[in-house]
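Quick notes on the structure that follows.
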Amino acid sequence: MNMLKTTMLLAALTALFMALGFTIGGTGGAMIALVVAAGMNLFTFWNADSIVLRMHGAREVDAQNCPEFVGLVAGLARRANLPMPRVYIIDSEHPNAFATGRNPENAAVAATTGLLAILNRDEIEGVMAHELAHVRNRDTLIMTMTATIAGAISMLANFGMFFGAGRRDGGQVLATILAVFVAPFAAMIVQMAISRAREYGADRGGAEISGKPQALASALAKLANGAARIPNPVVERNPAAAALYIVPGMKRDGDSLFATHPATENRIAHLEAIANEMGVSSPSPNFAALSERRGSVSSVPRTRRRSSALDPNGRG
């Protein structure tokens with residue numbers, strides 16, 4: 001269902017691009033915008049992993065310096081029939097995780113020290129299984145395709161703003177101006193809808209890979225609470241980065257057309273249904289109670305040492 005929804009939304013985005021090109025007039029400008037946007041996004045696609053990891057100051061870890069965490073990821077990768085991804089740790093109190101890489105053979109997964117501090121092993125397993133599901137579903141490729149078309153729409157809208165309206169009269173001018181201003185917002189709405197659909201798909205995939213949907217649900221509740229309270233410097237500098245993470249990198253309430261992720265309560269309900277399907281149902285996490293508790297999220301000071309190998313500051 002999520003793949004069907006994604007396909008339909010991609011088709012809608014493409015149709016929007018074609019309609020904008022037709023409104024402005026002529027296919028030449030539309031093709032130029034598409035080629036330029038595709039070139040920009042192709043560069044991003046091939047270099048996204050290094051760009052994103054450098055942006056977060058991530059450091060790669062291995063079985064020698066972080067054996068338990070790397071071993072956990074390796075076990076999940078085997079279950080998912082995926083190549084072993086590169087594993088990274090980000091020294092940040094903000095609790096979150098993400099996957100990057102253009103395909104499964106070039107994938108990387110990353111988690112913050114803040115995440116490792118507040119989740120138990122089963123919850124960490126659920127989170128990393130979710131990220132590997134993104135890798136397996138090739139969500140990086142899908143979102144790059146989406147960004148290419150959305151970027152082309154924005155470029156074409158700018159082209160139309162400066163060159164399109166002056167060559168028309170009367171109602172055509174009004175239609176062009178309306179299209180130029182409305183199309184980019186419509187494209188962003190569709191782009192965010194695709195992002196939300198991919199998150200539901202990764203939640204299901206993560207539950208299947210780990211076999212612990214209730215642990216993933218519990219992790220989402222804790223992470224959403226912590227991520228809303230502990231600032232994320234990367235997202236503050238670049239709000240578009242919020243789409244990278246397992247939970248939004250900033251505080252927001254409920255679903256909206258411009259949200260990069262479904263509401264956490266809805267994701268938990270979705271995972272409860274999956275748990276029932278798998279016959280592993282258990283009491284669901286009390287998201288409301290978690291959200292109301294102040295000071296419930298701890299963090300890992302970078303100078304503190306712990307004995308667990310899941311904490312990269314530990315000695316393994």
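A Cβ is built for glycine as well, from the same backbone N, Cα and C atoms used for every other residue.
On a predicted model such as this, the values are computed, not experimentally measured, just so you know.
Per Swiss-Prot, active site is recorded for Glu131, and the stated evidence type is sequence analysis. DSSP assigns Glu131 (active site) to a helix in the three-state reduction. Sequence-distant neighbours of Glu131 (active site) (same chain, six or more apart, CB under 8 Å from its CB) are Ala97, Phe98, Ala99, Val109, Ala202, Gly206, Ile246, listed in sequence order.
Long-range Cβ proximity for Glu199 (Zn(2+) binding site), meaning a same-chain Cβ under 8 A and a gap of 6 or more residues, is found for His261, Pro262, Arg267. The Zn(2+) binding site feature in Swiss-Prot is assigned to His130, His134, Glu199.
Among the features that Swiss-Prot reports, region 'Disordered' is placed at 285-316.
If you look up Swiss-Prot, you'll see 16-36 (among others) marked as transmembrane segment, on the strength of sequence analysis.
Summarising the annotation, Swiss-Prot assigns transmembrane segment to 145-165 (among others) and lists sequence analysis as the type of evidence.
As annotated by Swiss-Prot, transmembrane segment applies to 174-194 (among others).
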Glu199 (Zn(2+) binding site), DSSP three-state class -> helix
Listed in sequence order, the residues of the same chain lying six or more positions from His130 (Zn(2+) binding site) whose CB sits under 8 Å from its CB are Ala97, Ala202, Asp203, Gly205, Gly206, Leu216, Ile246
Cβ neighbours of His134 (Zn(2+) binding site) where a neighbour is any other Cβ within 10 Å | 26
